[in-house]
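J.: Sharing a structure below in structure tokens format, with a few things to ask.
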Amino acid sequence: MSVHRDAIRAARSLVVKVGTNALTTSSGVFDSSRLARLVDAIEARMKAGTDVVIVSSGAIAAGIEPLGLSLRPKDLATKQAAASVGQVALVNSWSAAFARYGRAVGQVLLTAQDISMRVQHTNAQRTLDRLRALHAVAIVNENDTVATNEIRFGDNDRLSAVVAHLVGAEALVLLSDINGLYDSDPRKNTGARFVPEVTGSADLDGVVASRGSSLGTGGMVSKMSSALLAADAGVPVLLAAAADAATALTDASVGTVFAARPDRMSARRFWLRYAADSVGSLTLDEGAVWAVVQQRRSLLAAGITAVSGRFYGGDVVELRGPDATMVARGVVAYDATELAAMMGRSTSELPCELRRPAVHADDLVSI
């Protein structure tokens with residue numbers, strides 16, 4: 001077994017993401033017995049001493065039948081109505097399944113806005129940490145009943161990657177209806193090549209991923225990008241079929257493993273790079289791009305050539321090169337109006353109170 005699979009097998013804290021297709025029948029009906037079998041596999045891992053946080057899809061699918069709908073709704077209002085009904089059934093099913101083992105569950109509903117705002121981000125982290133300390137199983141889902149298109153994660157694959165870093169998980173396991181990554185859809189192409197490990201971009205050469213199913217939103221494109229996000233932040237990922245959950249959670253010998261970068265990204269840098277909303281941008285000259293990206297130095301006003309957006313000191317902004325390509329994100333020290341007057345001027349030309357870096361190196365992350 002590879003060292004990357006060993007890392008997942010030995011992890012003492014996991015985030016397990018369960019996709020909609022793992023909880024529904026072939027006809028799209030929510031199936032609580034499938035969920036119960038997944039809980040059996042998860043409980044075995046927990047009994048061995050591993051902390052587990054679950055990110056569960058399926059709320060909208062679980063609400064389809066009770067509302068008399070024949071297909072997954074397409075309009076936002078009906079999706080949210082289905083989610084509000086289905087979330088009750090979903091959490092009750094998780095609760096009943098874990099109650100067989102004497103475990104309580106806690107529901108945590110998040111929106112992208114909860115993660116993008118630093119205070120809410122920290123509060124979510126504390127809640128999840130406290131649930132684990134109290135030996136309750138956190139069941140996390142996107143809050144579909146209030147999330148709009150503008151403040152959505154988009155799917156629970158990305159949410160699971162964010163949660164994995166949020167709780168300091170040592171590994172992320174994505175359980176779906178397919179047994180790993182292929183270079184094309186194996187359901188449509190019998191000659192599709194299985195990819196057992198992803199340790200670099202070369203392993204993804206020729207991979208053509210599919211979009212989501214009719215019941216869920218996260219297709220292979222989503223799973224692959226979310227796995228790469230988590231791995232880039234230092235969290236190894238296993239993508240496997242829900243039918244193989246027991247094996248995946250026991251020894252990680254199935255599915256596709258995504259190797260993590262050796263140095264785990266700090267919580268603040270992860271938030272800056274992947275979770276925080278940016279509210280403006282600064283355009284840099286080539287010298288400033290080199291200093292920020294290659295030398296990891298603070299951004300000074302002298303290297304700024306343009307200021308865009310309405311922002312204030314403490315907001316997150318994008319840093320863009322002369323060709324408009326984003327090269328970094330960071331917390332800006334000044335308001336947009338102040339920077340517009342300061343840009344292009346050397347530190348010695350500025351009043352003493354404006355000689356701090358525009359964006360300090362400690363508040364920067366390269367893209």
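Including glycine, each Cβ sits where the backbone N, Cα and C put it.
Feature annotation from Swiss-Prot assigns ATP binding site to LYS17, SER176, ASP177, THR217, GLY218, GLY219, MET220, VAL221, SER222, LYS223; the stated evidence is sequence analysis. The substrate binding site feature in Swiss-Prot is assigned to SER57, ASP144, ASN156. What Swiss-Prot records for 279-357 is domain 'PUA'.
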J.: What binding-site residues in the list LYS17, ASP177, MET220, SER222 lie within 10 angstroms of ASN156 (substrate binding site), counting C-alpha atoms?
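T.: So the list reads LYS17, SER222.
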J.: Across all the protein chains here, work out how many other Cβ atoms are within 10 Å of the Cβ of SER57 (substrate binding site).
T.: 29
J.: I want to verify one value. Collapsing DSSP to three states, which class is SER57 (substrate binding site)?
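T.: Once the DSSP labels are grouped into three classes, SER57 (substrate binding site) ends up as coil.
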